[in-house]
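What follows is one structure encoded as structure tokens, with my remarks underneath.
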């Protein structure tokens, strides 16, 4: 009978072959995207050089100055669009790598020894869950019984105190007035334990809402820091910082890549 190591080696061979097939074309795909990014960089630097040239010119008249400002505006919008396109390309590269990773993870999970290991972990998890459930039920029983014992002890102390008051004319010293101590401890300890149990139960009851709305270019739910497009007619409206390539809240008005492209198409330099 083959041992575990031999079985794993036998099943690992086809997995390695599949792995090589999956990642074989990955460098070429990424290289193609990186080449596109370099081409965009060349265009970006040309726009920046054009802006520097315009800024170095001295405006001889108001008409010439307005014309230069319009040319600078068009160049800046084009440079911003290039930056957005570079971010979109990087997002595509990330998606390709994630898809390849998920594909390989799925193939690995289908291997027999991987399934056996997963089933073993699930069995251990069920055993631990049952053990924790028994332990928590035992704690609940002790918590319920403890106040009863305190109540009986408290009643006996009260009766003893009343008897002393009737038989003696001197008041009790402050050191003997300990009747309220069990009451406070019972009132403070029980809510803490109840809150802990409620918090654990709330964590188990948390579920993902399938009807939660999605936002941004990635069509994902709201998470992290988000920025709103200042275009009142923007169909998406909210965007994740990471998806639009910003790290801080923009100052002034901010428009998403689609709205910037639409605005740039309406801007025409004055001739």
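Just so you know, glycine gets a Cβ as well, placed from its N, Cα and C.
TrEMBL labels come from automatic prediction, so no person has curated them.
Not measured: the values here are computed from a predicted model.
Feature annotations, reproduced from TrEMBL:
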- 216, 218, 240, 243: Zn(2+) 1 binding site (BINDING)
- 229, 234, 256, 259: Zn(2+) 2 binding site (BINDING)
- 119-137: compositional bias 'Basic and acidic residues' (COMPBIAS)
- 166-178: compositional bias 'Polar residues' (COMPBIAS)
- 213-262: domain 'PHD-type' (DOMAIN)
- 119-206: region 'Disordered' (REGION)
- 215: site 'Histone H3K4me3 binding' (SITE)
- 226: site 'Histone H3K4me3 binding' (SITE)
- 230: site 'Histone H3K4me3 binding' (SITE)
- 238: site 'Histone H3K4me3 binding' (SITE)
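Shown on the structure are the features that TrEMBL records.
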residue: 215; record: site 'Histone H3K4me3 binding'; DSSP class: strand
residue: 229; record: Zn(2+) 2 binding site; DSSP class: coil
residue: 234; record: Zn(2+) 2 binding site; DSSP class: coil
residue: 240; record: Zn(2+) 1 binding site; DSSP class: strand
residue: 256; record: Zn(2+) 2 binding site; DSSP class: coil
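Mean pLDDT for the domain 'PHD-type' (213-262) in the predicted structure: 88. Checking the recorded sites (215, 226, 238) against residue 256 (Zn(2+) 2 binding site) with a 10 Å Cα-Cα cut-off leaves 238.
Of all the binding-site residues listed (216, 218, 243, 256, 259), 218 has the fewest other CB atoms within 10 A of its CB. Nearest neighbour of residue 216 (Zn(2+) 1 binding site) by Cα distance, taken over the recorded positions 226, 230, 238, 259: 238. Nearest in space to residue 259 (Zn(2+) 2 binding site), taking C-alpha to C-alpha distance over the recorded positions 226, 230, 238, 243, is 230.
Other residues of the chain with a Cβ within 8 Å of the Cβ centroid of 229, 234, 256, 259, the Zn(2+) 2 site, are 230, 231, 236, 237, 239, 255, 257, 258, 260.
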